[in-house]
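To keep things clear, I will list the structure first and then write my remarks on it.
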Amino acid sequence: MHYPIGLLFDLLASSSALPWNITVHFKSFPEKDLLHCPSKDAIEAHFMSCVKEADALKHKSQVINEMQKKDHKQLWMGLQNDRFDQFWAINRKLMEYPAEENGFRYIPFRIYQTTTERPFIQKLFRPVAADGQLHTLGDLLKEVCPSAIAPEDGEKKNQVMIHGIEPMLETPLQWLSEHLSYPDNFLHISIIPQPTD
């Protein structure tokens, strides 16, 4: 429940055929594996908490704090009711930045791996280097999760997936954040073992 469905697909079933078969059980809730949600309000609160955390990283919470409660509600209702225009009218503000800044303050990202016990990796990472160069996905992985990248003379052991695609490591991180972030405004990156087939 607390991970986006696309992320779960990338982590657990990206090599399986679509449509993805999901089995829903109505008894014996797996309390040890999943957070139990007592109501829709709890899901909304979790979503808004994630959006606020992402905005704190990107804009020091300035954008979300300038919004009114009705804007927060419109953001949630647009997502809940699958109304992109309603959602994007508000979310657009969260994805903008002043032209002179060349990007967000920090990139809100989480890296997930199926081969570790750690739920995810999340650290502060700027989209632009001190010399003004745009950081890439490869730069992020080299610093935060170097085991995800194949050595130059070695065999590729992992796939880096975002929304079911494997972006090039040369892709600017700012662009990925603007265009491939999930509705919670985080860039959810999956690192999975390279398929053998």
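Cβ coordinates are placed from backbone N, Cα and C, and glycine is handled just like the others.
Per TrEMBL, the features are:
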DOMAIN    1-26  domain 'Autophagy protein ATG5 UblA'
DOMAIN    41-96  domain 'Autophagy protein ATG5 alpha-helical bundle region'
DOMAIN    106-191  domain 'Autophagy protein ATG5 UblB'
SIGNAL    1-17  signal peptide
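The average pLDDT computed for the domain 'Autophagy protein ATG5 UblB' (106-191) is 93. Sequence-remote contacts of a segment are chain residues at least 6 beyond its ends whose Cβ falls under 8 Å from one of its Cβ atoms, and for the domain 'Autophagy protein ATG5 UblA' (1-26) they are 34-35, 37, 43, 46, 112, 114, 159, 161-164, 182-184, 188, 190, 192, 195, 197.
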